[in-house]
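I have placed the structure first, in the form of structure tokens, so that the comments after it can refer back to it.
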């Protein structure tokens, strides 16, 4: 609020920095202990590691089957994002441009369904998904993410497309462009800002999701990072050296994503939350 | 078929004939068949654009939602195909006999209230702090927001270590009673453990929204108040707070919904323990269905869960709409 750097501001700064350090303490404990041998974790939990040891990481990397689960997470998140962006942007576009009652009814159904919490439909979902052969496959999971993510994604695209003037498209149609061509060549490129927001919000959700994949993917070969971390932690309870290194491996991709996309993430969250 | 008519038709003759479909088909047969073809094409396009996602949505959300309501009134156990209609028996059981469900419900409500207050107060405080002229404000924003990137499941595990080993070690070093508490080993402190983790995770998220709101407060107003001799607290109370009120509504409901639905951190931090004393509603539903294999009862709980969440959301929408009209 003040424009000058006063003594009061300085005290505020010191306080803020101390608070920031408190926020970082869990990360300090996590990382410093992941570098210690087991005995040292037990005796010197709060101290910095005496030697810089990466054995835990090598061990956890192998036992977690990290390369495999990391690839699974990437594949599932990437394909789900592509599918969500492609089908939801197309649907939202058609729902905005078709001024008919049915468009409104369909749009309202998508929006209304956003309030259904996952836990209240997960039980019958597993049965329905079984009937449609969607269990235990990455494609099945992707279709589920399309279903669950469609509400918010269509909602955000819908609001954005409403603000795009229709004249551009009309000109293209006169020039002989098909509706399909109009959408992909003219409209879709204009959606870039909202697409970035949508991809960020959906990526964070899908990457971190535990419950849905835990119900759908039984095959150990298909495990994602949260699933692998969960069973790893269960298997090595109290074997903190392995468990902590595994956790660090689990959060590294997220932190890299965060630091490289920070601006977009913050913008995405601000615009995504004020729906 | 008229339903599928697309607005951006710009061929004038087609527009006219589609406005009077009956007349057109009698008078000019050629144009009528063209018109019919066009409508068919539009219907096809509509289906092509909207169909795929609507199909997925129907299979994944709509069918399970409606069959779920039906299962809530049955004795389905998930294994045998033999499903019997039991009327309101499941609900009667939940309200009269299922002590665990009632405890979970009360606990979740209590947790939600505590988490809403703490997350918002701390989130707002952080936002005020990092919108001052601090030299470190950008890096501090990053620090406060960072826990939000990591999903609840991994955060719960990280904090399990902090509570079990980290706090114990700090207790030995400093002898501060706070660190010497049993934390995850006791029902009461384990509850506060979950609160700490979720506030630590959620405050940064809420902070981001409050920052956006605070930056929209016109500086002139604050300057004017300063000239009139208002102190910091008066400015905060009488100028800043009323202007960020819409953001407060958004944040209150965001935290309400997410707190009431807590699952991941609950599962990984305490697993509902010790002795199911920290089992929140979502975890209780999960256990009923997938551990006890009582799908019918689980679905009855899920239905109650849905009704509560839906009521909160509808309340939110009504209040924000009302505010929009007023302002």
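Each Cβ is built from the backbone N, Cα and C atoms, and glycine gets one as well.
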Segment assigned the feature transmembrane segment in TrEMBL (from A:39-60, A:105-126): A:105-126
Stretch among A:12-31, A:105-126, A:138-161, A:242-261 sharing the most Cβ pairs under 8 Å with the transmembrane segment (A:182-207): A:138-161
Interface-richest range of A:74-96, A:105-126, A:138-161, A:242-261 toward the transmembrane segment (A:12-31), CB pairs under 8 Å: A:242-261
Among A:74-96, A:105-126, A:242-261, stretch most in contact with the transmembrane segment (A:138-161) (C-beta, under 8 angstroms): A:74-96
Beyond the flanks of the transmembrane segment (A:105-126) by 6 or more, those residues with Cβ under 8 Å of it: 95, 135, 144, 148, 150-152, 154-155, 158, 211-212, 215-216
